[in-house]
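Here's what Swiss-Prot has on this protein:
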- GLY77, PHE82, GLU100, ARG101, SER102, VAL128, GLU129, ARG141: S-adenosyl-L-methionine binding site (BINDING)
Amino acid sequence: MMTNFKFALKNLKVNFTSENIDKLRFYIEKVLLFSDRFNLVSNNVRNFDAMLLHALDSVSGLPIVKDKNLRQVLDVGSGAGFPGIVLALFDRCRKYVLLERSNKKAIFLKMISLELGLENVEVLEHNVEEEQNKYEFITIRAFGDIRKYANILGSILKSGGLIMAYKGKFDKVEFEMSYVKNLFDKVEIKSSEVISDKERYFLLLYDYKC
């Protein structure tokens, strides 16, 4: 499975070292080890290969991040660290701010970022509605229906910024897009093809209007 992960990284044109791979393996093992204690992942995905698929899905967004040539990314609802920790691990030149409302998960994120030596990670512990700063790039994954949070996320998006939402089935993404397209200057659905047997897309929301 790790061989497939490396192959996917090469297809995505993501540079990596053996240290990156070792740290990813360490991270996944820590997620599995501390899942019960910190309420990190559901029971049905508590195995290494399932976690590696989450990591692969996470890193698939990195080319979009790099294409924007920005200095900082906000990951809202970071949970166990997918995608925030994974992106930060393979993209050390950018700062990743991980926003997580759960105290337990925020503690884990702080712990694992220290153990991985991720100096480009900052963890914030509060609700997204309480965030005061604005960001040029925002990521969300496993965050529910975008219709509920579009205005909230838009309010902390800098002018000219981009929200990248990791999504599943196309018909659902298209349905959500129809409700939020008038809130942004441009809305786009982009296919993610790194996991061949799963339907995955990015919903990209450019420049909040309100």
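Cβ coordinates are placed from backbone N, Cα and C, and glycine is handled just like the others.
Known features from Swiss-Prot, placed on the structure.
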| residue | record | Cβ contacts under 8 Å, 6 or more apart |
| --- | --- | --- |
| GLY77 | S-adenosyl-L-methionine binding site | LEU99, GLU100, ARG101, VAL128, ILE140, ARG141, ALA142, PHE143 |
| PHE82 | S-adenosyl-L-methionine binding site | HIS54, ALA55, ASP57, SER58, ARG141, ALA142 |
| SER102 | S-adenosyl-L-methionine binding site | ASN39, GLY79, GLU125 |
| GLU129 | S-adenosyl-L-methionine binding site | ILE152 |
Most Cβ neighbours within 10 Å, among the binding-site residues GLU100, ARG101, ARG141, goes to GLU100
If we take the residues GLY77, PHE82, GLU100, ARG101, SER102, VAL128, GLU129, ARG141 that the record assigns to S-adenosyl-L-methionine, their largest CA-CA distance in Å comes out at 21
Within 10 angstroms of the C-beta of VAL128 (S-adenosyl-L-methionine binding site), the count of other C-beta atoms across all shown chains comes to 20
